[in-house]
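Colleague: Here's the feature list from TrEMBL:
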REGION    1-53  region 'Disordered'
TRANSMEM  68-88  transmembrane segment
TRANSMEM  94-118  transmembrane segment
TRANSMEM  139-159  transmembrane segment
TRANSMEM  165-183  transmembrane segment
TRANSMEM  190-209  transmembrane segment
TRANSMEM  221-242  transmembrane segment
TRANSMEM  263-285  transmembrane segment
TRANSMEM  291-311  transmembrane segment
TRANSMEM  332-350  transmembrane segment
Ligand code: HEM
Ligand SMILES: CC(C)=CCC/C(C)=C/CC/C(C)=C/COP(=O)(O)OP(=O)(O)O
């Protein structure tokens, strides 16, 4: 069965005919391909949204992995709100919010850029990353390094200037973990995903401590747990969709070292259950003590309801690891995270 499904899904993964001027197979393209059940297979395969012509500005933005940064900023806002409402009673001024988002965005963007500087050669081996600014040669290495350094230094300086050392140190530590540990691990061991999940979750403590929260607060660690666990269904879906590209480029991912998809499915199921558990605990014990109030019970139920589609998609992927089911897992992962963070924030505000 696995072989049959691999053959059918490999067919789905055949490199689509791409437009001359733009050979990037972006995540959008892969998500959109073949999702239309009534599509006439005899028609040429859709190659997704047309990519806009690269410009210097677009390349600078693309270097930072903007969509990851935007979601990081969503988690930053939620974590600061949760700290203010739940634990500290602090209230950030408009200016402080601007500095928090700009500083965190610059440090996160610098981390994404440093990752692309480090992987500028291996990125040329995957259609998904081959047309990135450095891999494609549109941007020079010197420019990439300069932008990485400038964004990182300015972002860290802004955070330290406005909020003191703690958020800035958390940001620098996250940067180092992602760039100097996670990135080199990608071609060595599939455990890279666990290190990446820690790096991807640490930014919650930037917003949380900037708003007066402590690193010892339970709600801070529940936020960390939500984000760390969420990254398993999120990435296992991507790792399945791009498994052949990762394998051909020499990356060590769960889906290249265990190609049946079973391990990826179980990691997605376990990650989703752990994510829901962290969200429920945060709703039932918002300030560290268990509160069985109607607000606790309703918001805990909302967390479970929000996570159910992702768990169902993960279970269906486990049943039959196919691209279309991995795409659904990815899509739901991008809906579930903001939904759970919103419920947790509303719980804290209504504490
Ligand atoms: C182990 C950790 C993670 C891994 C390995 C990972 C990997 C990836 C990869 C390979 C992509 C596709 C990028 C592209 O080609 O366009 C992606 C997209 C994305 N990631 Fe992650 N990611 C991780 C954690 C995170 C975190 C922490 C966030 C933010 C909180 C995040 C948010 C996103 C978003 C918003 C997208 C864009 C999805 C789209 O284009 O529709 N990811 N991720
Ligand atoms: C504040 C701060 C420093 C934030 C940084 C947090 C951060 C950038 C998390 C990213 C998580 C992650 C592992 C992304 C995938 O990178 P990848 O290299 O697997 O993606 P790729 O294959 O598309 O290059």
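From the backbone N, Cα and C atoms, a Cβ is placed for every residue, glycine too.
Could you place these features in context, so I can see how deep they sit and what lies close by?
Modeller: Listed by sequence, the residues of this chain that lie at least six past the ends of the transmembrane segment (94-118) yet keep a Cβ under 8 A from its Cβ atoms are 63-66, 68-69, 72-73, 76-77, 80, 132-135, 141, 144-145, 147-152, 154-159, 161-163, 167-168, 171-172, 174-175, 178-179, 183-184, 199, 203, 206-207, 210.
Same-chain residues lying 6+ beyond the ends of the transmembrane segment (263-285) with a Cβ under 8 Å from its Cβ atoms: 193, 218-219, 222-223, 225-226, 229-233, 236-237, 239-240, 254-255, 291-292, 296-297, 299-300, 302-304, 306-307, 310-311, 314-315, 317-318, 321, 329, 336, 340, 343-344, 347.
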Colleague: Tally Cβ pairs under 8 Å between the transmembrane segment (139-159) and each listed stretch (165-183, 190-209, 221-242, 291-311, 332-350), then give the stretch with the top tally.
Modeller: 165-183
Colleague: How about long-range neighbours of the transmembrane segment (221-242): same chain, 6 or more residues beyond its ends, C-beta under 8 Å?
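Modeller: For the transmembrane segment (221-242), the sequence-distant neighbours (Cβ-Cβ under 8 Å, at least 6 residues beyond its ends) are 13, 27, 30, 75, 78-79, 82, 126, 128, 193, 196-198, 200-205, 208, 253-256, 261, 264-265, 267-268, 270-272, 274-275, 277-279, 281-282, 310, 313-314, 317, 321, 323, 326-327, 329-330, 332-334, 336-337, 340-341, 344.
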Colleague: Using a Cβ-Cβ cut-off of under 8 Å, list the residues of the same chain that are 6+ residues beyond the ends of the transmembrane segment (165-183) and lie near it.
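Modeller: Here the qualifying positions are 100, 103-104, 107, 110-111, 114-115, 118-119, 152, 155-157, 159, 192, 195-196, 198-200, 202-203, 205-207, 209-210, 215.
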Colleague: What parts of the chain pack near the transmembrane segment (291-311), using Cβ distances under 8 Å and only residues at least 6 beyond its ends?
Modeller: 233, 269, 272-273, 275-276, 279-280, 283-285, 329, 332-333, 335-336, 339-340, 343-344, 346-347, 350-351
Colleague: State the residues, same chain only, that lie 6 or more residues beyond the ends of the transmembrane segment (332-350) and have a CB under 8 A from a CB inside it; answer 'none' if no residue qualifies.
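Modeller: For the transmembrane segment (332-350), the nonlocal Cβ contacts are 71, 74-75, 78, 81-82, 85-86, 219, 222-223, 226-227, 230, 233-234, 237, 275-276, 279, 282-283, 286, 295-296, 299, 302-303, 306-307, 309-310, 313.
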